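Visitor: Sending over a structure as structure tokens; questions will come in a sec.
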Amino acid sequence: MDLEKTRTIVITSGKGGVGKTTTTANIGMSIARLGYRVALIDADIGLRNLDLLLGLENRILYTAIEVIEGKCKLEQALIRDKKWRNLALVSMSKNRQRYNITRENMQMFVESIANKGYQFILIDCPAGIDVGFVNAIAASEEAIIITTPEITSIRDADRVAGLLEANGIYNVKLLVNRVRPDMIQTNDMMSVRDVQEMLGVPLLGAIPEDNNVIISTNRGEPLVLKRKLSLSGIALENAARRLIGKQDYLIDLDSPYKGVFQRVQDFFLGSEE
Ligand code: ADP
Ligand code: MG
């Protein structure tokens, strides 16, 4: 296992508030449940909330900054999930604490996590193109771009796709979030395929708009842990499986009819338990 290469993946977007943290928490949890060792890095400066989504908010004493400054050991900053011990979370900084680290610091930090035997490192990245973004992508070899099917979000995603390529990250996948099949049907929303074609980035998944996302955020319980998965939970789990190459099954939110959703549900629930 030590010889296996760690996959370091940045979860990014052009526009803020499109679902990066939701995706990082849920895909991370899904992959961990499939048996991999997963570390999540919250690199969103000042807007730390990955801990809340995972219900780990009271456990963070040290951050990456203290590790980098030599004030604590990496183990002290890596918080393990209560149940899934192969899932760990580390925050770059405390809330509202500005920090000044270099790309080299970030690369070394990620490397030290990889050396602990983590097979996946997912970096929840700040939106746009500030320092945090540049640092987060400096340490990654792969990226997932999140967008909603709105033109503003897509345009910003396109800029980020360009930046990733300019920084030598060619393994990039797209996740379209907050999809409303009903609005696609009435031509009031771009379809997932339209979004994918506009951006020209391979599709990892599509997540429907779903109130369960908000409920799960408020409870600090990832969607993918629910015994009876919601459609968004299924879609996130589906994206996680595609990411690790387990399957290439894709939920079709563009032409929804009940039968498809039911089949997808049966497929997952049937294969899980
Ligand atoms: P980001 O990390 O990109 O800023 P978040 O993951 O924090 O985005 O999501 C922003 C807000 O949108 C949160 O309140 C979240 O609950 C909500 N949200 C994200 N995805 C969905 C979805 N598919 N359906 C409903 N609400 C969503
Ligand atoms: Mg976020």
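Every residue number used here counts from 1 along the chain in the order it is shown.
Cβ coordinates are placed from backbone N, Cα and C, and glycine is handled just like the others.
Found this in TrEMBL, in case it helps:
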type	residues	note
BINDING	Lys15, Gly16, Gly17, Val18, Gly19, Lys20, Thr21, Thr22	ATP binding site
DOMAIN	9-223	domain 'CobQ/CobB/MinD/ParA nucleotide binding'
Visitor: Applying a 10 Å Cβ distance cut-off over all chains shown, what neighbour count does Gly17 (ATP binding site) have?
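Guide: For Gly17 (ATP binding site), the 10 Å Cβ neighbour count is 11.
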Visitor: Can you list the residues of the same chain, besides Lys15, Gly16, Gly17, Val18, Gly19, Lys20, Thr21, Thr22, whose Cβ falls within 8 Å of the ATP site's Cβ centroid?
Guide: Ser13, Thr23, Ala127, Ile146, Asn177
Visitor: Including all protein chains shown, what's the count of other C-beta atoms within 10 A of the C-beta of Thr22 (ATP binding site)?
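Guide: Here the count is 26.
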Visitor: Got a sec? Which of Gly16, Gly17, Val18, Gly19, Thr22, the binding-site residues, have CB under 6 Å of any ligand 2 atom?
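Guide: Listed by sequence, the hits amount to none.
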Visitor: If you run the three-state DSSP split on Gly19 (ATP binding site), which class comes out?
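Guide: Gly19 (ATP binding site) sits in coil per DSSP, no helix or strand.
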Visitor: Look at each of the binding-site residues, Gly16, Gly19, and point out the one with the fewest other Cβ atoms around it within 10 Å.
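Guide: Checked Gly16, Gly19; of these binding-site residues, fewest Cβ neighbours within 10 Å: Gly16.
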Visitor: By a simple count, how many Cβ atoms lie within 10 Å of the Cβ of Val18 (ATP binding site), its own Cβ left out?
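Guide: Taking every protein chain into account, the count is 24.
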